[in-house]
Amino acid sequence: MAMMKRAASSALRSLIASSSTFTRNLHASGEKKKIVGVFYKGNEYAKLNPNFVGCVEGALGIREWLESQGHQYIVTDDKEGPDSELEKHIPDAHVIISTPFHPAYVTAERIKKAKNLELLLTAGIGSDHVDLKAAAAAGLTVAEVTGSNVVSVAEDELMRILILMRNFLPGYHQAVNGEWNVAGIAHRAYDLEGKTVGTVGAGRIGKLLLQRLKPFSCNLLYFDRLRIDPELEKEIGAKFEEDLDAMLPKCDVIVINTPLTEQTRGLFDKNRIAKCKKGVLIVNNARGAIADTQAIADACSSGHVAGYSGDVWFPQPAPKDHPWRYMPNHAMTPHISGTTIDAQLRYAAGVKDMLDRHFKGEDFPEQNYIVKEGQLASQYR
């Protein structure tokens, strides 16, 4: 009987301890957090569209919601250097939100300083601005709004292919400058029909691009670590290529659609570009660092690459003396493809959902995780 009483007493103490832990966890989940958002400035354009939520002034449309719950929400575009606004708030920030369009580079050094940091969110797709190994080692969660702007980027890629193929920009510049020289445009303008287009990477964006290219009657190729579903592959009419270097010489157009990882950084260097067909057109809306900056500039200057277009640079914002600004036959823009108004509304909603789940101690949609419980997502391993 005494043993039974001691056992019951022990069980009761365990239950009380467990209840206490549960209460502490509930209290922790209700803790007031400091959230730091790093976005590009809207300036005079911020008030022109009420749905322009992806800028500093729009703040993803979540300021009122966060502050009504007692959280502190700091938003800035000042992200570089030891005296930046971001640096000032890193030591006591619980959450940092950034975008690929104006990335806050969260280095191992910054992670080490961030004693309260729990969560790194990307408003959009692509979390390579974070030192993912350092984040995993520190026990941080890194997540993004998977799928939020894939349509936006795929449409933009199709546009860039056509701009390069039809030699559009010289014609536009003639119109602006009061000129009229048809030969100056037509001598290197081509139809897209019948050309071979290869995508390096056929994930969400790559598949959407291939689907959008089908009506143009192109020869479609793709290289990826994973093969597309056979039925979709047949429907699109795309051919899987097992060897990237074997695919490149076949392509009139190459589109880069792979994440930036240790394996893909500098993937398109001088040697790989030399394997491409002379006169190839390259579109890169993935990440600037996948291509070797000087190698691309040199290839455009020599004519081996007949045109290069994209919206991604390294670093971002691109410095004024970046070689891609001045190389011939380019159609570069700032990083804009994934931040249409439609995309902004999608990734703002996704960020709010994940913050709400985080505050409640709930899991995110599994596909959003880039780092979870010390493990990197498969594409970054």
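Cβ coordinates are placed from backbone N, Cα and C, and glycine is handled just like the others.
The domain 'D-isomer specific 2-hydroxyacid dehydrogenase catalytic' feature in TrEMBL is assigned to 65-362.
Taking Cβ-Cβ distances under 8 Å and a sequence separation of 6 or more, the neighbours of Asn149 (substrate binding site) in its chain are Gly124, Ile125, Ser337, Gly338, Thr339, Thr340, Ala343, Arg346, Tyr347. According to TrEMBL, the feature substrate binding site maps to Ile125, Asn149.
Here TrEMBL flags 159-337 as domain 'D-isomer specific 2-hydroxyacid dehydrogenase NAD-binding'. Confidence in the domain 'D-isomer specific 2-hydroxyacid dehydrogenase NAD-binding' (159-337), given as mean pLDDT, stands at 97.
Feature annotation from TrEMBL assigns NAD(+) binding site to Arg204, Ile205, Asp224, Pro259, Leu260, Thr261, Glu262, Gln263, Asn285, Asp311, His335, Ile336, Ser337, Gly338. In sequence order, Gly126, Asp128, Ala286, Arg287, Ala289, Ile290 make up the list of same-chain residues 6 or more apart from Leu260 (NAD(+) binding site) whose Cβ falls under 8 Å from its Cβ.
Around Arg287 (site 'Important for catalytic activity'), taking its Cβ as the centre, 25 other Cβ atoms fall within 10 Å, counting all chains. Look at TrEMBL and you will find Arg287 (among others) tagged as site 'Important for catalytic activity'.
Long-range Cβ contacts of His335 (NAD(+) binding site) within its own chain (separation 6+, distance under 8 Å): Pro100, Phe101, His102, Asp311, Val312, Trp313, Gln316. Per TrEMBL, site 'Important for catalytic activity' is recorded for His335 (among others).
When the Cα positions of Arg204, Ile205, Asp224, Pro259, Leu260, Thr261, Glu262, Gln263, Asn285, Asp311, His335, Ile336, Ser337, Gly338 are compared pair by pair, the longest gap among these NAD(+)-binding residues is 25 Å.
Spatially close to Arg204 (NAD(+) binding site) yet at least six residues away along the chain are Thr146, Gly147, Val150, judged by Cβ distances under 8 angstroms. The binding-site residues under consideration are Asp224, Glu262. Their Cβ neighbour counts within 10 Å are lowest for Glu262.
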